[in-house]
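**Q** So TrEMBL says this about it:
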- 101-135: repeat 'PPR' (REPEAT)
- 212-246: repeat 'PPR' (REPEAT)
- 247-282: repeat 'PPR' (REPEAT)
- 283-317: repeat 'PPR' (REPEAT)
- 318-352: repeat 'PPR' (REPEAT)
- 353-387: repeat 'PPR' (REPEAT)
- 388-423: repeat 'PPR' (REPEAT)
- 424-458: repeat 'PPR' (REPEAT)
- 459-493: repeat 'PPR' (REPEAT)
Amino acid sequence: MPLWVQRASNIFLIARFHGHASSKSLPSYGPEAVWFTKVVCLLCFHHSQSLDVFGSDYFRQNLDSHIAFNVIQHINTNLNNPRLAFRFFQCTRINLNLVHCIGTFNLLLRSLCQMGFHDLATLVFKYMKSDGYLLENSILETVVLALANAGKFETAKEILISQAELGREEGSIVRPFVHNSLLSLLMKRNRVDEAVDFFKDHILRSERLFPDTCTFNTVIRGLCRVGGVDKAFEFFNDMGSFGCFPDIVTYNILINGLCAVGQADRAQGLLRNLELQDGLSPDVVTYTSVISGYCKLGRMDEAINLMDEMITYGISPNLVTFNILINGFGKIGDMFSAIKMYGRMCAVGYPPDVVTFTSLIDGYCRTGELDQGLKLWDEMNTRNMSPNLYTFSVLISALSKENRLNEAREILRQLNLRDDIVPQPFVYNPVLDGFCKAGNLNEANVIAAEMESKGCCHDKITFTILILGHCMKGRMLEAMAIFDKMLSLGCVPDGITVSCLTSCLLKAGMAKEAYKLRLTSLKDLNRDLSSSKQSVPFRTSLDIPVAV
């Protein structure tokens, strides 16, 4: 048995009979302290279920903050047990009244957050706060972002606010990176109102949380993403009051936000305003955003004029710019101009990508030239270019509308073989509707089963198609079963679905079932639809998203 283990046994006996222990404390440094630290670690390991062994006067007399730090560091690093390290910390703090050093708090907070013990980390911070310690910026960032990433936003905000209040006395300033990251995470989780309130009520009013341009950009971007452009402009106009000035990113966010809500003229006005700012000038993103806005409105002449203008100013359009214009021409059925723009894009060295082909295919389908779209589909395969979800949707919808169901079914089978695409109901619904109207319910049911096997939940349109399809063929029991499944999944039927199903039940002589159905459905129809699962609209044509 190693000597230090034998001595550990002895020290344990001494601890139990602390009345006979020496009153002389061990030094914090040197061989005796190293030996004592090993003893404490050994006792922690063997008595991990209960740390009552440290309740004696001997440990109260000889455990100091330096030794406790070394013990906690050893348990964390060598034993990889931050939970045990926390329990030792808590035991010595409460039972021995040990005042731990700032290093212990920093070590525990970092390790607990890294291991996902967020509740314990929050408790350590509360102890730290009561002891009057201030978090280092690097630790603060670790704790706040770990809590925010875990969805514990209230605790993250509370810690950030507390840090700012504590820092007021010591003149410490929290780096903007911390609250910028917190705001960004709130926005990504669609908690825009919460982010805006925290920004307005705390960051803008705090004496230690100073916003920068990035802070304003984060809030403005989040508001624009949900259509709150006017509110975003309020913060844009207030930037100067806080010593912040808009940069090209700020202008691009606002311009893109305006175009997203159909205000392309106002976006162009902001572009003109940008041109007047010292040290700032529009870039390809600025122009492409406004061009996209005009394309969405079908105002292709303005879009082309802006493209010519940007080229005149020495700003070269990129692949995104060309794709937006090609998509815009396709949306209004001007395939001559779309192909011309496609040729222009290739001439300046930009090879087409999946978005280019999808836009062209969509354009041909809109103009009734479906076979031309299928040729482009074949060309994509020749180029080993994988179609995306929207490419599949465009062709399946167009083929189904033309009643070319077998071809649509074949493309749907190709989609089902793709593991890299998560199918959505709007892709399946057109072909599902086609087979139901053709009376081929068996194939429709197979497709519905394929949807579920691919993890694609039925939406309101899917259920309605299946219910009405089975009603038209007189298969009322199956229609009722589908309706019951719809309700069980929280998908609220509309009045048309209920009315048609009720009418079919009455015609089939199932008056009792019809009455029961109407009573049940009335309760569901009176619910607040905003609290129920919403469906994706049935799409016969597609707006192809093009990133700017």
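Placement of Cβ uses the backbone N, Cα and C atoms for every residue, glycine included.
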**Q** Please count the residues of the repeat 'PPR' (318-352) that DSSP assigns to helix (H, G, I), strand (E, B) and coil.
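**A** Across the repeat 'PPR' (318-352), DSSP assigns the residues as follows: 26 helix, 0 strand, 9 coil.
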**Q** DSSP says what for the repeat 'PPR' (283-317): how many helix, strand, coil residues?
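**A** Here the numbers are 26 helix, 0 strand, 9 coil.
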**Q** Mind tallying the repeat 'PPR' (247-282) by DSSP state, helix then strand then coil?
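**A** Secondary-structure breakdown of the repeat 'PPR' (247-282): 25 helix, 0 strand, 11 coil.
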**Q** Tally of helix, strand and coil residues over the repeat 'PPR' (388-423) according to DSSP?
**A** 25 helix, 0 strand, 11 coil
**Q** Checking distant contacts: for the repeat 'PPR' (101-135), what same-chain residues at least six beyond its ends satisfy Cβ-Cβ under 8 A?
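**A** Beyond its ends, the repeat 'PPR' (101-135) has Cβ neighbours at 65-66, 68-69, 72-73, 76, 82-83, 85-86, 89-90, 93, 142-143, 146-147, 150, 152, 155, 159, 162-163, 166-167, 170, 172.
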**Q** In the same chain, who gets a Cβ under 8 Å from the repeat 'PPR' (353-387) while lying at least 6 residues past its ends?
**A** 319, 322-323, 326-327, 329-331, 333, 335, 338-339, 342, 345, 394-395, 397-399, 402, 404, 418, 420, 541-542, 544, 546
**Q** Under the DSSP assignment, what numbers of helix, strand and coil residues are found in the repeat 'PPR' (212-246)?
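**A** Helix, strand, coil within the repeat 'PPR' (212-246): 27 helix, 0 strand, 8 coil.
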